Ligand SMILES: Nc1nc2c(ncn2[C@@H]2O[C@H](COP(=O)(O)OP(=O)(O)OP(=O)(O)O)[C@@H](O)[C@H]2O)c(=O)[nH]1
Ligand SMILES: [Mg+2]
């Protein structure tokens, strides 16, 4: 599912529930996703709707408008911020001949495929891609069986048989890949057992918040940092030395994003497992993001299923040096416990380190109490 550099038009939707500034933020994020995937965005469209059009998601008039824009810009790709069903993709592709129609999930999968490095994350991406494909195949199937119509209900057209075979092959492939993943995960589990004596901190948060930069800053390491979405896909563990030859293990993991597809979360659960094994969660939040509250909510929601609510959490607002004084005051008012730091400018690192050491000591004391 890799695409060469292509010109793309983006489409966002404002429903009555969504405020305009937030919708714009969502579309700006989609633009970053598209660019990270290698597309050049020529225009963005935003449509206000009361309800989604089941056939094409957006209204027919808007589809025609987009068609003209695609021709003018010589663009070959249209990307929707909202997820499209298989039949919506097909309907849109019919109305926009020669144009590739993608949605947010499709783009995220492309980026994941580009950024996966280890055998494990490659396998996970492959599973997620196949799962994404299955419902789309179903619709192609309906389409083909209809073409074979006129032969009476219950008479299988050739298309139907072919598609059923395709679906079976895909399901079988998914099962095989999952088996391979289980083996890798078992090995990971065995390693995890060995680490039980060490205090572990899971660094989590929205993509591009600065998790890897912070990991590097705290541990003087060289984790890949880039101003793009999903720079990190594979978890890495780094040691933060805290004196007396003791260390804390920091794990830097894949970032979150709104509308992260469910099957992707499920598939990536094992990488996030690094966070689920953690004795403390460090949630890094971009203090400069206008929708930082939504970032916090999304992170919270994803972690809900993964992490014991009793595990202590620290919120660190990163990029504080670039946040406005009003924003910093707002953060202070609403999150008095949270730290304001700058991983890039090396601000607040000592306080953060002390706080982590404090959490480690509490954890050690609890353990001693339990074993005595
Ligand atoms: N202004 C500012 N920029 C920062 C700070 N920390 C990180 N950045 C920048 O933010 C961008 C993303 O940083 P990363 O460390 O890759 O972010 P991440 O959370 O690991 O992102 P993913 O791995 O993509 O989820 C990079 O361009 C960093 O240089 C900071 O304290 N201030
Ligand atoms: Mg990273």
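Cβ coordinates are placed from backbone N, Cα and C, and glycine is handled just like the others.
Because TrEMBL annotations are produced automatically, they should be read as predictions rather than curated entries.
Straight from TrEMBL, the features:
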- 205-212, 230-234, 252-255, 342-344: GTP binding site (BINDING)
- 212, 232: Mg(2+) binding site (BINDING)
- 167-194: coiled coil (COILED)
- 199-364: domain 'Hflx-type G' (DOMAIN)
Close-lying binding-site residues around ligand 2 among 205, 208, 232, 254, 343, where CB distance stays under 6 Å: 232
Cβ atoms near residue 254 (GTP binding site) (within 10 Å, other residues, all chains): 26
Around the Cβ of residue 205 (GTP binding site), the count of other Cβ atoms that are within 10 Å: 25
Neighbourhood of residue 208 (GTP binding site), C-beta criterion under 8 angstroms, separation at least six: 32, 227, 228, 229, 231, 255, 286
Whole-number Å value for how far residue 234 (GTP binding site) lies from residue 212 (Mg(2+) binding site) (Cα to Cα): 11
Rounded to the nearest Å - Cα separation of residue 211 (GTP binding site) and residue 232 (Mg(2+) binding site): 9
Other C-beta atoms that fall within 10 angstroms of the C-beta of residue 232 (Mg(2+) binding site): 23
Binding-site residues clustered about residue 232 (Mg(2+) binding site) [Cα within 10 Å; pool: 205, 254, 343]: 254
